[in-house]
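Visitor: Okay, these came from Swiss-Prot:
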DISULFID  Cys48-Cys63  disulfide bond
DISULFID  Cys55-Cys72  disulfide bond
DISULFID  Cys62-Cys87  disulfide bond
DISULFID  Cys74-Cys85  disulfide bond
SIGNAL    1-20  signal peptide
Amino acid sequence: MKFVLLFGVLLVTLFSYSSAEMFDDFDQADEDELLSLIEKEEARAEECTPRFYDCSHDRHSCCRSELFKDVCTCFYPEGGDNEVCTCQQPKHLKYMEKAAGKAKKFGGKIKKWFG
């Protein structure tokens, strides 16, 4: 009985040690991957395409507005066969930003009155 108990304790100890090393390896891999993604995002953020500029070279390069990212919208001009792509803000997002701005302004007034 003592042998089985000793063997069980040894087995649990080895299992916990191996799983701890495995989790450390996963954490390190996740951390390295996260850092590389952050670096790529920062590099891409510096090279964003402003609103109403051509985004045909990279359709995911549009800049962010205050709350939302602009969208690369492509269309064919009247009487033309060439596709033109520009970074634009969809109207529903434009209205949502205006509403959020007004709510923020109104919240500031309430805070000023009662603050």
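Cβ atoms are placed via backbone N, Cα and C, with glycine included.
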Visitor: Disulfide-bonded residues Cys62, Cys72, Cys74: which have a Cα within 10 Å of Cys48 (disulfide bond)?
Guide: Cys62
Visitor: State the count of C-beta atoms found within 10 angstroms of the C-beta of Cys55 (disulfide bond), not counting that atom itself.
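Guide: There are 25 of them.
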Visitor: Which of these disulfide-bonded residues has the least crowded Cβ, counting other Cβ atoms within 10 Å: Cys48, Cys63, Cys85?
Guide: Cys63
Visitor: Ten-angstrom check, please: count other Cβ atoms within 10 Å of the Cβ of Cys72 (disulfide bond), all chains counted.
Guide: 18
Visitor: Between Cys72 (disulfide bond) and Cys87 (disulfide bond), find the distance joining the two CA atoms and give it rounded to the nearest Å.
Guide: 4
Visitor: In sequence order, which same-chain residues at least six apart have a C-beta under 8 angstroms from Cys87 (disulfide bond)?
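Guide: In sequence order, the residues whose Cβ lies under 8 Å from that of Cys87 (disulfide bond) (at least 6 apart) are Thr49, Pro50, Arg51, Phe52, Tyr53, Cys55, Ser61, Cys62, Cys63, Asp70, Val71, Cys72, Thr73.
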Visitor: Near Cys74 (disulfide bond), which residues of its chain come within a Cβ-Cβ distance under 8 Å, counting only those 6 or more away in sequence?
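Guide: Cys74 (disulfide bond) has long-range Cβ partners Ser56, Arg59, Glu83, Val84, Cys85.
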